[in-house]
Amino acid sequence: MYCVQCEQTIRTPAGNGCSYAQGMCGKSAETSDLQDLLVAALQSLSAWALLARELDIRDRTIDSFAPRAFFATLTNVNFDSARIIGYAREALAMRDSLRTACLAKAPGTQCDHPLADLRLQGEDVATLRRQAAEFALDSDRAEIGDDIHGLRMLSLYGLKGAAAYMEHAHVLGQHSEAIYAQYHHYMAWLGTRPCDMDTLLDNAMGIGKMNFAIMAQLDKGETEAYGDPTPTSVNVRPLAGKCILISGHDLKDLQMLLEQTDGLGINVYTHGEMLPAHGYPELRKYRHLVGNYGSGWQNQQQEFARFPGPILMTSNCIIDPNVGNYSDRIWTRSIVGWPGVRHLEGDDFSQVIAQAQVCDGFPYSEIEHLITVGFGRATLLNAADSVIDLVAQKKLRHVFLLGGCDGSRDERSYYTDFARAIPQDCLIMTLACGKYRFNKLEFGTLEGLPRLLDVGQCNDAYGAIMLAVNLAEKLGCGINDLPLSLILSWFEQKAIVILLTLLALGVKNIYTGPTAPGFLTDNLLAILNQRFGMRAISTVDADLNGILGHA
């Protein structure tokens, strides 16, 4: 195996990347290799989808399947080799159907792509693993060099993150022919193993720009379905009674679970990136959506073990449920998979509900502890004039966007310490699961505004970006001239594509941590610093003084 896509990848003087029997995430070498083969199959599919478009042939089923299957290769999503092979077979079957349609419309049509005629060379896993070696992501690294390899990975992993957001939008009924075409373009291009540095950098920015449109699409889908998020208090302590925990990002799954449990006396708790769901009017109207349980995804083996009911995983992040001995109580949905864990097909949650009814549930209610969520795009934009007034009156010195992915490294305490150190005349916006480092602390208010504003899930960076754009327009300045600084934490591929989106939009001087991506060389980091001012976090005092010294 060779995998370097997440923040916890193995790092050694000889090179970075997980390359042993098992990755740091728990992914087996077998599954990792088969995911490489799946990616190649999806690149073959995209090559034919592009050619089909030239002949005015489009297939919505294929366009939605491709990013969904790609999503299965993200960190902590699908560890089930059998399902990965199934996706690869399905991709090539769809590819062949496109080939047939193209030949029927234009006999003699040929696809000039190195993966156009890719075939799986066997039925058994061992044979497919041997074939997968041809598509290992580092197979030509010695030939092309670490810089080109790193830029390829930047685009590949960024496109993975964009594919995940495409799937989230698709679930909510959002489609865009322009986005599908762009996705297939970048996917097919990556299948050619590009080697030109300028093209690789340009296309990485192109993927970031495309993702901005995807996030807008997802924002539209969520707000049309569930209303604009508004500030809402959420209890983070359990209540007595039967219970179900839902984790991941899929608000549609939460909606269906709430509908199917309504009136049954079962309390539903959100976990991880589901926390922002409480801000949506059409979700919080369900009285049995009673609160949020737990913290960042990396703590789930301890927290899920203590949860006295079933757990539903709707997207990333799942880790080995056997460690906490709750594998009989966890269920997977959609693209999520773990060997031996029960997977739900369709939208019937009756098996999960039945299990909740026989589980013990919480024996008593704990003392309530409320936190506030729901500072979505509309709420932020409505507050823009107040922010401008506070800045003009010199009552608001600076705004910090402090958030991103959480993880297990000790260095992530930086984000807790940074939040605590931010002066009282500054606001803090936060998003994604990195907020769990400090979202239960008390930050008070600034002239009536809460100092801590929970913007939402990772994709809700869109709302923060739109606030920045709106403020810049009203103040007649550029985004980089605002009293705004971004201090981001990363772990996986959604964070990579959000970073690419910010860079593509011209946002500069972003602080990132806790470590640099393992696929980015010192030379590439220097290029990103030179072009965009992107820099690594250092110490809280040094970074805070560096920012406010210029504020």
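Just so you know, glycine gets a Cβ as well, placed from its N, Cα and C.
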Please state which member of Cys18, Cys102 Swiss-Prot lists alongside Cys3, Cys6, Cys25 for binding [2Fe-2S] cluster.
-> Cys18
From Glu273, Glu303, Glu473, the one annotated by Swiss-Prot with His249, Cys317, Cys405, Cys433, Cys458, Glu492, Lys494 for hybrid [4Fe-2O-2S] cluster | Glu273
Across all the protein chains here, work out how many other Cβ atoms are within 10 Å of the Cβ of Cys317 (hybrid [4Fe-2O-2S] cluster binding site).
-> 27
Out of His249, Lys494, the listed binding-site residues, fewest other Cβ atoms within 10 Å surround the Cβ of His249
Just the number: how many Å between the Cα atoms of Cys458 (hybrid [4Fe-2O-2S] cluster binding site) and Cys6 ([2Fe-2S] cluster binding site)?
-> 16
From the binding-site residues His249, Cys317, Cys405, Cys433, Glu492, pick the residue whose C-alpha lies nearest to the C-alpha of Cys3 ([2Fe-2S] cluster binding site).
-> Glu492
Under a three-state DSSP reduction, the secondary structure at His249 (hybrid [4Fe-2O-2S] cluster binding site) is coil
What other residues of the same chain, not counting His249, Glu273, Cys317, Cys405, Cys433, Cys458, Glu492, Lys494, have a CB atom within 8 A of the CB centroid of the hybrid [4Fe-2O-2S] cluster site?
-> Gly272, Trp297, Asn316, Ala432, Gln457, Phe491, Ala495
Residue from Glu273, Cys317, Cys405, Cys433, Lys494 whose C-alpha is spatially nearest that of Cys25 ([2Fe-2S] cluster binding site), among the binding-site residues = Cys317
